[in-house]
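Some notes on the structure that comes next.
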Amino acid sequence: LPTPAGLNVLLLTKKKKHSYIYGELQNNETNPMENSMYKDYPYFADIQVMIFLGFGCLLAFFRFYGFGGMVFNFLTATFAIQWAILIQGYFQFYSDGKIHLGVINLINAEFACAVVLISFGAVLGKTGPVQLLVMALLEIPIFAVTEWAVLKYLRINDAGGSILIHLFACYFGLGVTFVLYRPSLNKGHPKETTSYNSDILSVMGTLFLWVFWPSFNSALTFKGDDQHRAVLHTFLGLSSSTITAFALSAMFNKRGKLTMADIQNVTLAGGVTVGASVDMMISPVAAYALGIIGCTACFFGYKYLTPFLAQRLRIQDQCGIHNLHGLTGLISSTAGICAILMATEDTYGPSMYQIFSHRAPPEGDPKLLELQKLIPGLKPGLGRTAQEQALFQVAAVFATIAAAAAGGLLTGLVMKLPFMASPSDEYCFDDELFFDVPSDFDGGEVLKTLENFDATEKAEALNTQV
């Protein structure tokens, strides 16, 4: 039975009435090729690469915080996935007093983990490992409850997670960084800089995310045509945002050169922007246009909005998650609402009531019987109109942002407690505080060299270090 989360649940009536088993049957009598392992594991493996290699390398762009970016990502992700299996399992996979475990649970848990890692980007370099684990400990339950409530009561379409993953992660992270505001960092930090090697490593993370993003957007869509569309639309959106990012980077650079920060982040905007409508029958041109729009918003967000948030609203968004996940998530949600309003039977045929399951006729409606003859197994819906479904999508956006921001503020207050071992301003963006660094780590020498420099001289000196 397809659920709002996209999970296929097998109802067993021969062995045990009303017994729900996820993944494979407990009696091991399934046809091996029908096991969900073969349908879901490739997506799980792809998302694994995104979580541990993509995010890990992407967050290692600071010159003296490469260990922290990659290793704390590794630690936080591993903990978050285990914690999410339990918390999400209770809300979505709980039956007969047990949490049923399968590959699909791991995919859902990795989506929850992605939420934590996106939020991590807002406080990168300013938090210690204990604080990050506490953030994951608190964010996962808040996310799981929000996800469960939105899917159960609002019944929305969000195949690529633009609302429940990207918007939630963004505004949760902004709530945390608002509470952890450090006034001195607005003036710049000697170690808040990149290097040739750290930028290359970060671009490798971007490439891992770029290549596997179609799996991320399509993992929980209906198998078949819907999943096929999701892969195609994601690739088109990413392609257009990449070309646009290169063009904008060169156009707005005073010397006409490319900026590595744009390549590392702005190129990925299209993957988020197509998320809410990724499995719907939008045209390839629409997916391409969404990539361009999302990339443009993300680029100018980095250029103008991020400094404004830091200086005026006390929001120090270290990795610019508001641009890559917040702005693009809002654009994606708007595009999804438009796609829902334009969806008709003339375009979709009877399959419209599979994709938009809540628009299917309710139990007892004669039209439901007609549709069930065309689509065996079609379940009763709520009989919503396109306009009603669009309003529920809008409600989900506002509810998700409100829950995320409130949760982020509360989590930030906990992370700010004195015993959380927060690094001092002097040791932000510094691996030496938490790691045994190798002999060629030159952070201390750089600081000694810069002790008597003013802010401008420090920046120039750091940029000329070999």
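Glycine residues also receive a Cβ, built from the backbone N, Cα and C atoms like all the rest.
Those TrEMBL annotations? Automatic predictions, nothing curated.
Taken verbatim from TrEMBL:
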DOMAIN    34-419  domain 'Ammonium transporter AmtB-like'
TRANSMEM  43-65  transmembrane segment
TRANSMEM  71-91  transmembrane segment
TRANSMEM  103-124  transmembrane segment
TRANSMEM  130-151  transmembrane segment
TRANSMEM  163-181  transmembrane segment
TRANSMEM  201-220  transmembrane segment
TRANSMEM  232-252  transmembrane segment
TRANSMEM  285-305  transmembrane segment
TRANSMEM  326-344  transmembrane segment
TRANSMEM  390-414  transmembrane segment
Any residues 6+ beyond the ends of the transmembrane segment (130-151) with a Cβ under 8 Å from its own?
3-5, 72, 75-76, 79-80, 83-84, 87-88, 90-92, 112, 115-116, 119-120, 123, 163-164, 168, 172, 176, 396, 399-400, 403-404, 407-408, 410-411, 414-415, 420-422
So, does the transmembrane segment (326-344) come close enough to the transmembrane segment (43-65) to give 3+ Cβ pairs below 8 Å, pairs being at least 6 apart in sequence?
no
Let me know the model's mean pLDDT on the domain 'Ammonium transporter AmtB-like' (34-419).
94
Would you call the transmembrane segment (390-414) and the transmembrane segment (163-181) in contact, using three or more Cβ pairs under 8 Å, pairs 6 or more apart in sequence?
yes
For the transmembrane segment (232-252), find every same-chain residue at least 6 residues outside the stretch whose CB is under 8 Å from a CB in it, and list them.
160, 210, 213-214, 216-218, 258-259, 262-263, 266-271, 273-274, 277-279, 282, 284, 287-292, 294-296, 298-299, 303
Chain residues outside the transmembrane segment (103-124) and at least six past its termini with a C-beta under 8 angstroms from it:
5, 7-8, 22-23, 36-37, 40-41, 43-44, 47-48, 50-51, 55, 59, 62, 65, 68-69, 72-73, 76-77, 80-82, 84-85, 87-89, 92-93, 131-132, 135-136, 139-140, 143-144, 147, 161, 165-166, 168-170, 172-174, 176-177, 180, 216, 219-220, 316-321, 325, 408
Sequence-remote partners of the transmembrane segment (201-220) [C-beta within less than 8 Å, at least six residues beyond its ends]:
5-7, 40, 42-44, 46-47, 49-50, 53-61, 66, 107-108, 114, 159-161, 194, 227, 230-231, 233-235, 238, 242, 260, 263-265, 267-268, 271, 274-275, 278-279
Any residues 6+ beyond the ends of the transmembrane segment (326-344) with a Cβ under 8 Å from its own?
157-158, 160, 162-163, 166-167, 170-171, 174, 269, 272-277, 280-282, 286, 290, 293-294, 297-298, 301, 305, 352, 355-356, 386-387, 389-390, 393-394, 397
